[in-house]
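*Asks:* The transmembrane segment feature in TrEMBL is assigned to 21-40, 52-74, 81-99, 105-126, 138-159, 214-235, 300-328, 340-358, 370-389, 395-417, 429-451, 457-480. As annotated by TrEMBL, region 'Disordered' applies to 490-510.
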Amino acid sequence: MWWDERVSARFRRNLQPTLTYWSVFFSFGLCIAFLGPTLLDLRCQTQSSLSQITWVFFSQQFCLLLGSCLGGVFKRTLAQSLFALFASSLAISLVFAIIPLCHNVVVLAVVMAVAGLAMGCIDTISNMQLVKIYQKDSAIFLQALHFFVGFGALLSPLIADPFLSDTNCILSNATANASSNLPHIRKSLVPHHPGNLSHYDLPMKGMVVTRVSYAFWIMALINLPVPIAVFFLLYKERMVPCFNSSSHPLLSADELAMETRPTVKDDLATSVQRPHAAGGHDDLFSCCQSKNFRGASYTYFAVHITGALVLFMTDGIVGEYSGFIYSYAVEEPLSVVHKVAGYLPSLFWGFITLGRLISIPVSYRMKPATMVFINVVGVLITFLLLLIFSYSVVFLFVGTASLGLFLSSTFPSMLAYTEDILQYKGCATTVLVTGAGIGEMVLQLLVGSIIHDQGSYSFLVCGMIFGGLAFTFYAFLLFFHRMYPKPPSDMDVASPDKPAVMDDTGQYQR
């Protein structure tokens, strides 16, 4: 294997939970990208206006942010985390199965809000648990985790595409006039953000003709193995109430030898694990309690804030670029043909997924701090070149692919780097996930309003500004990293930075 034996041994010991968290993130990706291309068929199904149906986007995104904030509540024990992941992944399958039955836009918005809450919990808990298991070695596994969300985000539109209506799916006297606009409207409804659709007049009354229900039922079946995998992990850990027994699983020979070691070693392991269990990875509200701030230096807060601001900008760029690149391409001066411009969001997400796949082996050889530096510099340079060659259609495609590659590994690398600075004692995972979610929602709304007032060229200017701010905040993070107090040398042996204790025990922490 291309990583060393120590990491390989840890991966083998934690194979089932690691694969389970990766599969749960596939559910996250499957659910995040289907809404854009299917929204017009859902408008027909609910017989609502375009302005009404676009509120479904907001309900999903807002509750995703809320779920990210609340996800840390379930981290207190492994049982709570796994039950939350089981409920969330099962909820996503149920949402896919229920969506075809939603014939009212308000009901559909409520169902998508439930999906958003489930996605937010998955986002926070999966990142937290992988960081807890692998700590210093978590970067490579976080890269793989975020590959699966990209894979799911690519798969769901492909599943939906054969079942989308080619003509307007509400048959009425106005159908002939409205049908010619449908391909243009559908391509503007890319993942995360609907375009400005108020000037399109589509019929709201008539006979509904759509086959999109089959796509949702297929996605429900594809996602069903995920909650089953979480249930098997619960069963293995003896956490299912009806299958639980008083006896614990038998220890292997190596683990039994560890149990019989001298008590001094046991005391050392306990002294390490207790602060780790009590100290970090709280939910957002617990992190804000004053008791957690006592004795903390200003750099402790600065690392949290600057790390969250970097992801606020970079994840915000992902949302606003995927949401508006089509609208930018079809407007002057480029005036790209609608069908050709429709490939740009898919190209962007495809290279994000490819970049996350490439980052898995790269992250083993390169430090997270170096990867984040390359990412933010690459984003900044790409936007600068897009501005310079703003009249080139070819470079728009090249720049879109480049931007997807540089943005792909920013979140997992940033999470691994920030947790490393804080020695896995702070609230970095919760704060960073929340900051990324807020950025994705806020920057989309901000860029949408700016483009509406200033024109399509402001789209690239906004991206350049956000990229510059991301680089600036990262420079501040590097400064605060140098200022952050290191653990005393006499405590190095017992520091959570040292994975040796966890390696010796070989236990999947409950």
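Even glycines carry a Cβ here, placed using N, Cα and C.
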*Asks:* What residues in the same chain, six or more past the boundaries of the transmembrane segment (81-99), come closer than 8 Å to it by Cβ-Cβ distance?
*Replies:* 20-21, 24, 27, 30-31, 42, 71, 74-75, 108, 111-112, 114-115, 117-119, 121-122, 125-126, 128-129, 213, 216-217, 219-220, 223-224, 226-227, 230-231, 233-234, 237, 239
*Asks:* Same chain, outside the transmembrane segment (105-126) by at least 6, Cβ under 8 Å from its Cβ: which residues?
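*Replies:* Non-local partners: 21, 24-25, 27-28, 31-32, 35, 42, 46, 48, 52-53, 55-56, 59-72, 74-75, 81, 84-85, 87-89, 91-92, 95, 98-99, 145, 429-430, 433, 437.
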*Asks:* At least three Cβ pairs under 8 Å linking the transmembrane segment (300-328) and the transmembrane segment (340-358), pairs spaced 6 or more in sequence?
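*Replies:* They are in contact.
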*Asks:* Suppose I define contact as three or more CB-CB distances under 8 A, residues 6 or more apart in sequence; do the transmembrane segment (138-159) and the transmembrane segment (340-358) meet it?
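*Replies:* When sequence-distant Cβ pairs are counted, the transmembrane segment (340-358) touches the transmembrane segment (138-159), since at least 3 lie under 8 Å.
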*Asks:* Who are the chain neighbours of the transmembrane segment (395-417) in space, where the CB to CB distance is under 8 Å and they lie at least 6 residues beyond its ends?
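*Replies:* For the transmembrane segment (395-417), the far contacts come to 127, 131, 138-139, 142-143, 145-146, 150, 307, 310-311, 314-315, 317-318, 321, 325, 329, 334, 336, 343-344, 347-356, 358-359, 362-363, 367-369, 371-372, 374-376, 378-379, 382-383, 385-386, 389, 428-429, 432, 436.
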